[in-house]
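Student: As annotated in TrEMBL:
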DOMAIN    84-460  domain 'Cation/H+ exchanger transmembrane'
REGION    1-20  region 'Disordered'
TRANSMEM  29-51  transmembrane segment
TRANSMEM  71-91  transmembrane segment
TRANSMEM  103-127  transmembrane segment
TRANSMEM  133-152  transmembrane segment
TRANSMEM  164-188  transmembrane segment
TRANSMEM  200-222  transmembrane segment
TRANSMEM  234-257  transmembrane segment
TRANSMEM  263-282  transmembrane segment
TRANSMEM  303-329  transmembrane segment
TRANSMEM  349-366  transmembrane segment
TRANSMEM  378-400  transmembrane segment
TRANSMEM  442-464  transmembrane segment
Amino acid sequence: MSHLSTGAVDAGPRSPEPAAPPRRGFTTLVYVLTAVVPAVIALGLLVAVSGASGRGGTTPAIGTAPIDHTVQLFVSIAMVILAAKVFGRLARRLGQPPVVGEIFAGICLGPSVLGALAPEAVGWLFAPELRPVLQGLADLGLIALMFVVGQESRQTSLRGQGRIAMAIAHAGVAGPFLGGALLAILLYRDWAGPRADPVVFAMFLGSALSITAFPVLARILAERDMLRSMLGRLSMLCAAIADVVAWCLIAAMTAIAGRDTPARAVLTVLLVIVYGVAMVWLGRPWLERIFTALEGRGEPLRLLVLLAGLLLSAAATSAIGIHAIFGAFLYGLCCPAGLLTRLTGQIDMVAGTLLLPFFFVGTGLRMDVWRSGFDAELVGVALLVIVVAMLGKLAGPMLMARSSGLSWHDSTGLGVLLNARGLTELVVLNLGLALGLIGDRLFVALVVMALVTTAMTAPLLGLLDRLRARRHGHARRL
């Protein structure tokens, strides 16, 4: 054991010097002067102020309201995180990605389930005074998620499979986009939002059906030990390309939606293009230089610079007139991938564990099945959306992959993997609802589609594996 000394080091431990005995009378005097007298004076001041106010006993205790809301906020945060964790674990036990359970947890905490069973509980847990705080946490989670998606898209290499992946990805966007546009013609009159015109509504539905949940896809592949397989690498590459294309379409749609005049819409689109080009041609090399220079300066400083840049980029696109998530996605695309792998993983963990559950709850609070009118028409539209979404994502990529030389098994598996929408789809749907492009009933149908298409990914992959094993077994017997 080491210790500080001013002289030579002793051969053995030095015994502590005995403390001087306390003088009882002096200690009592100091206690009265430093504790009792200030307490009595403070109490007298409180009584005098209370009498001068003239409100007597009706004066509420100081800090009562903030303490009540603080208790509500802490309980709400704990319940949201705990519910997301429990439902995520249950989903994993059932062979599903945890995000399926987390989405379902958000729905259960909303008016569709908990609100139907105990409306007072929903009113207390998610009181109007708490909504801005919870929404702020959800927005931070979304910004972090889109940064991670951009980084993962940047890390996906085009080497060796670029041409095939590009063709499959384009087919995976064009097919669902066409299906969504055709659906828009059918649904516009009764299912569009109050601020949607036919063109923007068709753009939104087409873009929404074109999305692949890149983070969910990566987790499905990791849990099935497929990340390093040919099919796993190709599906990740196709999803990265398809998502970049889809988010560009959504950014253009967002820039057009809600503008009073065509001139303002054109101006917003031009500003988005200018910002995107500036980030790619100027921001990208500068970010690489900055993070290369900071490589030996310690992780806290690099994390601080990374988060500051992320928030500024999100603020820039929000100021332009489109959602902050586009700035976060673009920032992730432009940041150097290899230098920030560890920090990106930390941001992903914090966002997934602590922040994104509030986004799921926000989705659940907006999704009121009973108020939307749960009837045969809603069920029919939900089924129609599911069929169109699946056909668009399965048929185009499957046929393009087969024509590129993949087997029917691998081509079908690729289409099944690209059909997973999950969390990223919810981001798009909440954006459409906030912009007034879709109504509450169509929002419910599209959320159901996102859940179903994500939940069926693992079972369909398992079915394909069993069919291939059975076919190989039959061939060996012959």
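Note: Cβ is positioned from N, Cα and C throughout, glycine not excepted.
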Student: When you scan the chain for residues with a C-beta under 8 Å from the transmembrane segment (103-127), skipping those not six or more beyond its ends, what do you find?
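Tutor: Same-chain contacts beyond the ends: 69, 72, 75-76, 79-80, 83-84, 86-88, 91, 134, 357, 359-371, 422-423, 426, 447, 450-451.
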Student: Looking only at the recorded stretches 133-152, 164-188, 234-257, 378-400, 442-464, which one has the largest tally of CB-CB distances under 8 Å to the transmembrane segment (349-366)?
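Tutor: Most Cβ pairs under 8 Å with the transmembrane segment (349-366) come from 133-152.
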Student: Out of 263-282, 378-400, 442-464, which stretch has the largest tally of CB pairs under 8 angstroms to the transmembrane segment (164-188)?
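Tutor: The stretch with the most close Cβ contacts to the transmembrane segment (164-188) is 378-400.
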Student: Please report, as numbers and ranges, the same-chain residues at least 6 past the borders of the transmembrane segment (133-152) whose CB is under 8 Å from any CB of it.
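Tutor: Same-chain contacts beyond the ends: 73, 76-77, 80, 126, 214-215, 218, 240, 243, 310-311, 314, 324-326, 328-335, 337, 340, 344, 347-348, 350-351, 354-359, 361-362, 423-424, 427.
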Student: Do the transmembrane segment (303-329) and the transmembrane segment (442-464) come together with 3 or more C-beta pairs under 8 Å, pairs six or more apart in sequence?
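Tutor: Contact between the transmembrane segment (442-464) and the transmembrane segment (303-329): absent, because fewer than 3 Cβ pairs are under 8 Å.
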Student: When each of 234-257, 263-282, 442-464 is checked against the transmembrane segment (378-400) for Cβ pairs under 8 Å, which one has the most?
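Tutor: Looking only at 234-257, 263-282, 442-464, the most contacts with the transmembrane segment (378-400) come from 442-464.
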Student: Residue list, the transmembrane segment (263-282) vs rest of chain: Cβ under 8 Å, 6 or more residues beyond ends.
Tutor: 251-252, 255-256, 313, 316-317, 320-322, 326-327, 330-331, 333-334
